[in-house]
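Written below as structure tokens is the structure these notes are about.
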């Protein structure tokens, strides 16, 4: 009897994997783990789960021992290599990242997150994306909850940018589909006029100024006092506007709109009356560059009364406020899918918004530095935002567009007409006269003189004779004799063929149609009655022959026709997970294959995208025959046989 294979032992396997992980960490090489994985007995799933536990155990020891971030990141890099080699589960690196970020302080989390940002291409690959996207989203949300939006603004922005790079544009979790507002963003300011110090400010400044002796401070270092008269009413109205920017829905209420209108007119009037000096702003910017100072961004407005005069004199601060107006106006005027039907602007409101928008753009262009350029840039960005609003109103459809028609329209290539085609010596033997009607008349007969042989009195006047019969009850305006072209041709034919044309008569005719009517009546008496067209069976035989030819059409001919959208839909369901095997044989590039993997997780959808891309690439050559050949070359003979049978059945 053959010896029984050793059974899997969890403690023993965990010990060996932990030792190998330490060895791989010291050598910075994954080979010890690969060797141990192949030597440890047990199923693949058992060994993978054990190695996952070993990774977490080693990482826990490193965190307890306060190891450097480099050692922690080295363990995570080993886990990424283990997933690539197939010796641990795909979610292991994300679990380790979550453990690290939960245990380390924020300053070290910054270093760890830099590693996460650099490996965004790895997370988006097919191996990691499906298993790790939810872990990464949860990890980023946990980090955002720990961070302060005002003190860790840059870190919060990096997390948001990382999520934007990781997930596709159509990811529902990252879209504000219902156009909700962040109502928690409340701007706090002094609402008690009795506690205000604005009335006392200028008096204190004058008293303090008396203690400074003349000549102690140079002209360039003299503090620039603000020329804008600021009182508590302006302060209160200015910061009260932030509540409307926070929740624009208030503007649809009658009373709130009046308040917003009043406050806005006063604030914008201050901006118009007290414009900033471009030279002062440029000097301030140059001083910042010389001293190495960086622009400081605050996520929340500072609403201290003492800063009011400085804020109104700051060009960046004015830009923030004016831009808030433009964003608010865009929402009020725009079509939002989830906006209530009661939220409708009156004509008066629309007119005011239109005029104020022009004023705001004018203020932006006058605001230094580079006001004109900044104003045009803002206008361009807001116009682009309209496209995103329309996309969201349509339910965020996929950016992958499917072909609407079954076959790709062939491009008509216009060739230069050869000279012999004009002279009637080409294949069609047709002389082109430059006009469709002239060309038709000229080519009725090769010899112009013989052209008259084609017309006889019986044939030409048959219609007019029928219309002249009172029993047919044809109205005069619909008779052929009233047509000027018909009358000209009738006169030429009568002059050549009819004896009545040159016979003298005492009748006087007021018009050509009246004369032709008389001649038609005379011809009707001489000519036999119009013969009824006897239908032969030749036309029916031709139709039967065409139908018979279609029925007897060979399968080879049917295979040469391009594939239809319905055939692609049916075959994509059968192809499924094997689409990636077929892709190289359809001459698809690696970049195109990776793009298909990133666009969708559904295997049937990926197969359909592959076939549609192949159809776009091949055009009229995207035939079932070529697809069958590619399937046979790729080793998918069963699918090739199935496609052949379906093609013959459908035909």
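Think of each number as a place in line: the chain as shown, counted from 1.
Heads up, the Cβ atoms here are built off N, Cα and C, so glycines get one too.
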Using TrEMBL as the reference, determine which range in 136-164, 165-193, 194-222 is annotated region 'Disordered'.
194-222
Of 453-489, 490-526, 527-563, the range TrEMBL labels region 'Disordered':
527-563
According to DSSP, how is the domain 'Death' (564-647) divided among helix, strand and coil residues?
72 helix, 0 strand, 12 coil
Would you report the average pLDDT that the model assigns to the domain 'Death' (564-647)?
82
